[in-house]
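What follows is a single structure, written as C-alpha cells, with notes after it.
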C-alpha cells in the first residue's frame, strides 16, 4: 500500500536530485531521465485501471499529526485516477516535447526540477484525502507554477505574469483554506471521505454556505473562472511546454477536480448549482468572446482554455442537480452532465495540449506567433497543419473528433436542465442552452481563426524572422500522440467510458448505488431529429458566417472601455496597495534611531507597565532600615548624584568621569553585597572602558549642545520617568515574588562536584560552562568587530589613518 | 535600592533617547549597571556570607545572581567597546555623530 505514497514522493525525490545530478549527467540526457521518471509513473498508474474500474479504491493512511487530525492519506479512486493519469501522461509528452523545444544553453536542470516539483504537487492534490494535506499541495502547485511561468526571468512580462498568477491563485487558496477549516468545524474531520459520509449532519450548519462560497473561490481562481481568469493569459509568458502542461491539462483543472470531488458534499445546495453553473457558463461565453479578438496565438489559446474550463465547470454544476434530486430512474439523466464534464476534461487535455504544442512549434520555427504576420503556412508545415486542423475542429465540436461527442453531450445536458422546475430554473433556465449555444458559435469562430489565419491565406515572408520549415520529428511526436487520442476516442468512446469514466462517476455520486446506470453509452449519432445535432449544425453555419464577416463586427470589441477592464482593475489595485503600504511604512520608519528607541520604550511601557496595571500585582515591602549602613547611604547618594549629573554635564570628559564614578560605586556595592568576584571584575572592566572612552574621544567631536524642541524634551523626560517607574515596580514585585523554588541550593556542594571552593567560579566554570564558553565567543566576536572596524578601510573614499 | 535602580533606568533611558552617539553609549552602560543591580537585589541582599567555601560557614549569599552578573558585566563591556568603535567608524565615514543628521543615508 505504500506504493501510492511513492507515486507522490517520486517526483519530489527526483526534483531534489536533479540539481545535484546535473553535475554528473550531460544536459543532453537530463530531460530523458526526467521523462523516464514520469513515464514509469504513468505506466504504473495504468496498472491500477482494472482494479479501479472494478469499483475498488486504494487507500493508505500514514498518521502524520494525529493530534490535529492531519493524516497523510492517499486515496486512489476513479476521479483521482483520471487526473493522475492525465498528470503523468500529458506530463511525459510535455517533457518529451520540451527536450526538443528548449535550447541546451538554458538552465535545463532548473526547468526539470520545477516541472517535477509541479508534477508531485499536482499528484498530491488529486491523491490526498486529507483537506490540510490537499491544501498544502494545492499551494505548492501555485508556487511551482510561479517558478515555471517566471522561468525566463530576464523578461519583465514573465515576472509580471508569474506574480499575477501567484497573487490570484494564492489568494484563492487562502480563502479555500478558510472554507476547509469551516468544513472541519462542522464535521470534526479533515478526511474528505468521512465528510462525504456524514453530509446530512453538516448541511444544516450555519457555516455551510460560507464554506461553500470560500471553497468555490479557491476552485474558481485556480481554474481561471470569471472574473479571476485574468492571470491565465498573462501566464502565457511561460515557455510553451509549461503552458501546454500547466495551463491546459493539469493545474487549471485542479479547481475542476475540487468541484467534482466536493459535489457530494455541496451538490444539494441551490447556491452551489447557480454559482458553478452560472460562473461556468459566463466564463464559457466571455472566454470564447474574447478569444476572437486576440492576435497572439497563445493568448487566443489561453482565452479558449478559459472558455473550455467554464464549459466543464458549468457541466459539473448541472450535474450537481442529481445530488439534490436524489437517486431515481428519472434523475439519472442529470448525472450525464457530470459524465460529460469528465469526458470533456479528458478530451480538452488531448486537443488543447496538441494545440499548445502546435503553437510552440510555430513560435519555435518562425520566431513569431502573431497571427497578423502568419499565413499560408500549410504548404511549408503540412504536419503541423494537421495538428492544428484536428485540434481546432475537435475543440469546435466537429466530427470525427472527440470534442464532437462531449460537445453534443453538453448541449444535451443544457437542454435537459432547462426542463427542470427546481432552483427557479423554470423562469430563467431557458437561458442556459442559449448562452451555451452562443458561446459555441464564438468557439467555432476562433477555431477557424487558428487554422485560417495561420495556415491559409498569403505568406508574408518579409514579416517572418526565419524561413518557414517543418519542425524536427522530436517535437512532432508528442502532439501526434495526442492527436491519435483525439481521433481514437471518437471511434472508441465507450472503452474510455467503461474503464475510466465509470469509476469516476462513482466518486462524484457515491450515494447512487449502481454505477452501471450512471455511465451512458456514448453515441456519435443521435438520430436526425435530435436537437443537439441541429444545435451543432447551426453553430457551424452561423460560425462560418461570422468568420466571413469578421471585419464587419470586430469593432464591437472597442466598445468596452479599456480602463474598466478587469486587468486594469487588478493593476490599479496592486499599485494602490503598494503605494499605500509604502506611505504607511514611511510614516513610522523615519530613519531616525531616536524614534525607534521611542517605539521600543513605549512598547516596553505598554506591555510590562500595562500588564502590571491590569493584573494589579504591586507589592510593597519597605527595606528594613536597620540594615542600611551609613556608607551605603553615602554610596547611594553618590550614585544618584553622579547619574543625574551625567544628564547635565556639558563636556564629555565630565560625562565619562561621572559614568566611571557610577561604575566604581557599583563595584563598591558588590563588595557590600558579599560579591568579591563581581567587584573585581567590575573594577577591571570599568577601568578599561574609561580608557576606551578616552581613546575614542581623541577621534570624536565634542558633544554639542542639543537644540531640540521643547516637546521632544518633554516627551523624552516623560518616557524616561515612566520607564524608570515601571522598572521600579517590577523590581519591587520581583523582590517579593516567591512562587518558584530557589535553585541555588544546587551549588552548595560545589566542592564535591566541581572541586572548587569559590561557588561563583564553579558555577561559571563547571555548572554553566557552556554559557561561559558562549560568552567568550561573544567577546571574541566583539573583538573581531572592533578590529575590523578599525583596520578595514571604508568603501568609497573612507579616510582611515590606522 | 530599588529606587536607585529606577533612577538609574530613567537616566539611562533619557540618555538613549538623546541624539548624540556618546550619550547613547553611556546610556546603555548605565542601563546595564541598573540591570546588574536589579539582578543582585532580586537575589536577596546581604543575607549571608561570602560565597566562598572555607571562609566562614553558611549560610552564603545567593551565588547564582553573582554568576549571572559576572557574565553580564563582561558582555556589556564587549558591547560597549563594540559600540564605541562603531561610533568612531560612523563619525569617520559620515562626519557626524548626531543621529538626526545620520538619517536617510543614500545607500539605505
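From the backbone N, Cα and C atoms, a Cβ is placed for every residue, glycine too.
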Which listed span TrEMBL calls transmembrane segment, if the choices are A:497-514, A:515-532, A:533-550, A:551-568: A:533-550
Labelled transmembrane segment by TrEMBL, one stretch among A:52-74, A:374-396. Can you tell me which? A:374-396
Given ranges A:299-325, A:569-595, the stretch to which TrEMBL attaches the annotation transmembrane segment: A:299-325
Averaged over the domain 'NADH-Ubiquinone oxidoreductase (complex I) chain 5 N-terminal' (A:65-112), what pLDDT does the predicted model reach? 85
Reported in the order helix, strand, coil, what are the DSSP residue counts of the domain 'NADH-Ubiquinone oxidoreductase (complex I) chain 5 N-terminal' (A:65-112)? 32 helix, 8 strand, 8 coil
The transmembrane segment (A:299-325): which same-chain residues, six or more beyond its ends, come within Cβ distance under 8 Å? 223-226, 229, 232-233, 235-236, 243, 247-248, 252-253, 255-256, 259-260, 263-264, 266-270, 272-288, 290-291, 331-332, 334-341, 344-345, 348, 352, 355-356, 359, 371, 395, 410, 413-414, 416-417, 420, 422-423, 432, 436, 439, 442-443, 446-447, 449-450, 508-509, 511-512
Quickly jot the same-chain residues contacting the transmembrane segment (A:6-22) by Cβ under 8 Å, restricted to those at least six beyond its ends, or write none. 30, 33-34, 37-38, 41, 44-45, 74, 84, 108-110, 112-114, 116-117, 119-120, 123-124, 127
